[in-house]
Structures are given as C-alpha cells and as structure tokens.
Amino acid sequence: MAAVQGGMGDADIKTDIKTEPSADGFGNNNANDGRVLSASPGSTPVTPEDQQTLLAVLQFLKKNKLTESVEILRREAGLPENSLDPKANESAGAGSGGAAGIVDLEGGDASSLLSRVTGSSSAGAQAPTKGTVQSGSGRDQPDVSVVLSAYSQQGDPTLYKVYYRDLKKFIETVLDCHRAELSQVFYPLFVHMYLELVYNNHESEAKAFFEKFSGDQECYYEEDLRILSGLTKKEHMRGNETLLDFRTSKFVLRISRDSYQLLKRHLQERQNNQIWNIIQEHLYIDIFDGMPRSKSQIDAMSGSLAGEAKREANKTKVYYGLLKEPEIELPLDDEDEEAENEEGKPKKKKPKKDSVGSKSKKQDPNAPSQNRIPLPELKDSDKLDKIMYMKEATKRIRLGPDNLPSVCFYTFLNAYQGLTAVDLTDDSSLIAGGFADSTVRVWSVTPKKLRKVKSAADLNLIDKESDDVLERIMDEKTASESKIMYGHSGPVYGISFSPDRNYLLSSSEDGTVRLWSLLTFTCLVAYKGHNYPVWDTQFSPYGYYFVSGGHDRVARLWATDHYQPLRIFSGHLADITCTRFHPNSNYVATGSSDRTIRLWDVLSGNCVRIFTGHKGPIHSLAFSPNGKFLASGATDGRVLLWDIGHGLMVGELKGHTDTIYSLRFSRDGEILASGSMDNTVRLWDAMKAFDDLETDDFTAATGHIHLQDNSQELLLGTYTTKSTPVIHLHFTRRNLLLAAGVSQL
C-alpha cells in the first residue's frame, strides 16, 4: 500500500473524541458536564464541601505514593500538615458537625473518587454533573452512582399515576394540531418516572405504573420497554446500559412554540413540579416557530434511542461533491478501430459518459478541495486500472424503469462454518467470505486462479527488467480457485477489499481488524483498538484509510501504515453496526443499534449529520454515486433516503418484511437495489425518488418536508430466492447486479 506524502501522521494529528454538550429543558446548551476540578488558591476560604473534596483528592494521591503532589496541593489549599491524619480529621469532623470528615479511600478506586467529587455538586432540580471514566477502548463509561443520583429526589409515589394520567388527559383534549406534538412527551416521561420509582424502592408502585401505561407507548419502543420491564429493583439499575443511555443523553423533542406554551401553562397552573422537573432535567425541547407538525411527519422522524436530532446538528456545511479525477488518456479500443475500417458503415460513436465520468472534467462546486485530506498518489498500476474502468464505463448499460439489470446470485452451499460477511472487488474478479469459525476465504470468480508470490530465493532469479515481471513473480504451483486465511480467534463479522485488490480487511468478535495480503495470503497487521467485537470495517474508495465500528459504540479511522487510529468518532449510544465511506473519502457514515445514522468529518473528527427515523437497528448504508444522497436499511424493513447537503429525510421505501442487510446504487445512480433477510432483492427507481423532491420545502423554517407514500410507484422489480437470505449486493462496472447469500436448505 502506497504511503501518503504529508499524511495523517502521529505528529500532526490528534485523536479526537467528540461528545455533545447537554442542554436544559428550555433548549439552552450546557457544556459544563465535563468540568475540570481545580484546587482553590490558599487565600480563598475553603468551605466544608470543598475541604471534603480536597481531602478525597489528597488521600487518593497519597495512596498512589505521589507525595510531592500531595504537599504542593496541601500548601496551595492552605490545609494544615496533619490534615491527612485520620484521628485529627475525626476530631475536626466532630467539632464541625461532620461536614469535613475524612474520606476513606483505602478500599476505593478512581471511579469512587470521581463519584464522591462530582456527586457533591448535584443539588435541587439541577442536573448532576456527568462523571465519565474513559476506558481503554475509548468507550465512555458513566459513573453509575452519579448517574443514579438523578433519581434521588422523589415525590409521593402514589401520585405518579395521578400526575401522568392528568397530563395524558390534558393532551388528549387539546386541539388536533397540537396533540400529535405534545404526545411526544409521553414516552420519555414514562421512562423517567418509572426509573425514579424503582430507584427509590417503590417496587409495587413502579410495577403498577408500568402495567397501566406501558401499553400506551408507540410500538417502535417495544424492545426498549421489554428491557425496561426487567429493571424492577434498585440493584438492577447499576451497570445497566439502557438506563445509562437514558440518563446520560437528553431525549430530544422537536415542538412548535405554540404547543410548548400550552404544555408549560398547563403544568404551571396545576403546579405539577414532578413532571416539570423531569422535563427540565432529562428532556431537550427543540422549539421552532411555525405550524405544528402532523402525526405522520413526527412518526417519520421518531424512533431513535434519544429522540430526534437537534436542528443545529444538521446545519454544518458538508462538501458532498466528488473530487476531480486525474487526467488519464483513454486509448482507442480495438473494437473502435475495427468500426472505422469497415466499409459502408459510418464511424461508430463512443457512448456518452455517464454522470460519474463527467464529474472528472471539472471541479464540482460542492466538492472539498483536492488536498483537504491527504490521499495516496496514483501508482502506475492504479492508472492502468483507471483506464480499464473507463473502457468498461463506455460499454455500461444505462439502467432505468424500462431497462432493469440482470441479477446473478452467488449461493454459498454447505457453509457449515456459518457465513457472516461477504465482499466483492470493484472489478468483480474476487469474492471473499467471513465465517463464524474465524476463517476468511477468498474465491476467484473468473477463470484466472489465485496464486501466491514465489519464495525469496526464487524471486532473486527473476529478471526484474522484463515486461512480464508481474507474471513471473507468481508461483504456478500454488494456483487454486480459493484460499483460506487463519488468524482471528472469533467469528468474522466485517470484510472489505482494497480498491487495488492487493489487500483485504476483516473485523472480528476478537476485537481486532486484520489486514491480509492477497499476494501472499497472509496477515500483515492486526489493528488493536477495540476491546469488544468489531461488527464492520470498510476501505476508503482511494485505499490507505479504513474505518471500523463495533460494540464499544465508537468508530475508528485508521491508516494502513499506522497501528493506532487517526480518529475516534464517539457519540452513538449503542453498537455501531455498519460503516461506509463517502465517495470523496472526506466523510464516514455510521449506522447504529441506537437507530440513528451519523456522518463524521474525517478532517475534524466532528459529527456533521445525525439522521433519525428508523425504528430498528441499522444494518446497511449506501451513498449515491454523485455523493449527494445516502440510503439506509434497518431491521424495520424500510429503506430511508437522505439528502446530505440539507440534512433531511427525503424518501421512504416500504416493501421488505425483514432486516435489510445490503444496499447498492447502480454505477450511474439510476437504480437502488436492496437485499433482505426476507429472501428478496428489490429494485427501486432512485432517479424518480430524487427528481420528485420539491426543493422549496428544504428552506421551510421548520426544516420538515412531507414524505410521499409512493413506494409502489418507485418499486421496479422484486426477485425472490428459494430460501436464501440476501446479505450482499454489488453492481459490476457494466451494471450487472451480483447478489450473495447462504442457502438455508
């Protein structure tokens, strides 16, 4: 793999971990969650609370034998020399009512110190400070005691049902135009009221509350409610990921100003402080001016673990255009020369290049600058491959509603090892599979067999100046139709070929991403950064960079010649299940079990788009060839279409009845293919879906558009297998559609 000049090296790039600031119930950002604690100067009076904090820090430093730091901090704080003596502190504590008692850390650790220090800052209706301990995997582990302290303030447990029922009755009686918007508060209020009851040991009241109101929640929260129903005791709440998700991220609701004023007035008139405190502390109300949204508009954007995305989250400019392709002369094809020499026939015209090819002639105004991120230089072999690609493009079939592609299906038979991932090379010459038995297998799908490079001793005998040196270095004795590669110690869940077909990436349950050479069929590097299963990995369209995502909720950007990640993309609330590079390689899209899709800027590490609307974990992503649109598929059986520039959902394709595991646009972007666990491949008219958009809607103050229910009009064809779920799709350079899956017979 070619090294990059001026690339993203260790010296010039910092690993960025981005998290979003929290906000209060009035839509105000509050970026003080991760505040740094500092000792007060000696001249400032030390309060009993401050003294307790300082003593805790001093005890911790002393325990870790940092005596010099202890002395410096003690002097700066103006504490007496015997302040760390337990007996002296006990007497001091007794004299002052125990306010400055000694903090015992003999059996404690860093997290208990953090909880002690940060826990003292929470009081009244204010949200407590979020204490997070960064684990080795880069996963934010919120301190449990700090998280749970949010539920320590309690009201009369018998009134919780009354409060909730009263609010429900009020919302059901308001005007229809406000009812749909205000109904959004039911679910987050239900969850937090239930958790408060459980935390304060009101188990019977919590059970009654859950049984009475859980059936009123939207159907797409069914899985979350199932997990919540298992939290029946205070002990169950400790270490529970679902609880931590709800507590550490504010549930976002988008409500019009008129609807919000109605809700606020009702709660103030009823003096319903219990519900108002929850709204202030746990909800982020994104208020907009204009007409309230309809029920269908709200349902289209709802369903994620933390509500909708804030509007400002999707306002950053995104350079979605394609980079200018290098100027490469396309030699005349033999067929073109023959056409010129035939008598009585006019010279054959070259087919017009498609929209992707035409982008290379001039710089796209929406494209990033060529050097925004360092990309690998083209080698001679890359230029030859570009020429082959351009030749294939001239023979490409133009697809459309009246000209659908042929579909070739690769069925894996007798795959007792358990097929878990599939990928094909860009030129469709190789297919690879990842298996549950931890192996990676590669097949040639052309008559050309797979060969290894000769041994070092044999390579020394080769004439390196000969024209066919690339053929001579290959060992014919090793030729076979497939190769098996061993190295992982767990099932292989993600697999990706490099654009030049020299390398293969695989990600596994063992927490590693491995880079394999397709010349020697051996493992070159094992990238270790994830401490949990890695669900997906993918090469950049230009090679060199790749992305991985997994159970630790973090996506990592790597370069093949760096054993540490260049970027860490942190923000998802659940497993990252799929990853995809933008065609210009400047952005990475990630889909998650938190039912959101995020778009990350490779240069800054920032999250520039958050898309919500799916009702289940996302398992497939695909960018349109022009880079302007993104398609996503999930366990809810829906394909959603997104406009990246405006940050809005622009289409919904319904038809599948099971999880969508693969999405692919045709090479010219006219057709979108979707493959599902329901044993079907469906073809959609992508061009019509995008052309029908009313661009004026994008400038509306509310930032919402009305989605047409035109799935049947856009569905061009359905291809059903006998009993083979579709787990991978691929369009060849001539627009033949290849599909792959493992037979269930």
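Positions of Cβ are set from backbone N, Cα and C atoms, glycine also.
Summarising the annotation, TrEMBL assigns region 'Disordered' to 1-48 (among others).
Sequence annotations record features per position, and here TrEMBL assigns compositional bias 'Basic and acidic residues' to 11-21 (among others).
The compositional bias 'Low complexity' annotation in TrEMBL covers 23-34.
The region 'Disordered' annotation in TrEMBL covers 81-100 (among others).
The region 'Disordered' annotation in TrEMBL covers 115-140 (among others).
TrEMBL lists 129-138 with the feature compositional bias 'Polar residues'.
Positions annotated as domain 'TFIID subunit TAF5 NTD2' by TrEMBL: 155-283.
Under the heading region 'Disordered', TrEMBL lists 330-378 (among others).
As annotated by TrEMBL, compositional bias 'Basic and acidic residues' applies to 353-364 (among others).
Residues or ranges marked as repeat 'WD' by TrEMBL: 412-453 (among others). Mean per-residue pLDDT, taken over the repeat 'WD' (412-453), amounts to 92.
In terms of DSSP secondary structure, the repeat 'WD' (485-518) contains 0 helix, 19 strand, 15 coil. Feature annotation from TrEMBL assigns repeat 'WD' to 485-518 (among others).
Residues or ranges marked as repeat 'WD' in TrEMBL: 527-558 (among others). Counting residue by residue with DSSP, the repeat 'WD' (527-558) contains 0 helix, 19 strand, 13 coil.
Counting residues 6+ beyond its ends, the repeat 'WD' (569-610) has Cβ neighbours under 8 Å at 16-20, 138, 140, 241, 245, 249, 303-306, 309-310, 313-314, 316, 318-323, 367-368, 372-373, 375, 494, 535-542, 545, 547-551, 553-557, 616-623, 625-627, 630, 632, 634, 642, 644, 647 in the same chain. Look at TrEMBL and you will find 569-610 (among others) tagged as repeat 'WD'.
For the repeat 'WD' (611-644), residue counts in helix, strand and coil come to 0 helix, 20 strand, 14 coil, using DSSP. According to TrEMBL, the feature repeat 'WD' maps to 611-644 (among others).
Annotation source TrEMBL lists repeat 'WD' at 653-685 (among others). Outside the repeat 'WD' (653-685), and at least 6 residues removed from its termini, the chain residues within Cβ reach (under 8 Å) are 354-356, 393, 396, 398-401, 404-405, 407, 616, 619-626, 631-635, 637-641, 711-731, 733, 735, 737, 739, 741.
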Query = Near the repeat 'WD' (485-518), which same-chain residues lie under 8 Å Cβ to Cβ, leaving out any that are not at least 6 residues past its ends?
reply = 1, 379, 381-382, 385, 418, 420-427, 429-430, 432-442, 524-528, 530-539, 541-543, 546, 548, 550, 558, 560, 579
Message = Six or more residues beyond either end and a Cβ under 8 Å away: which residues meet both conditions relative to the repeat 'WD' (412-453)?
response = 385, 388-389, 459, 473-476, 478-497, 499, 501, 504, 506, 508, 510, 514, 516, 518-521, 727-728, 730, 732-733, 736, 738, 740-743
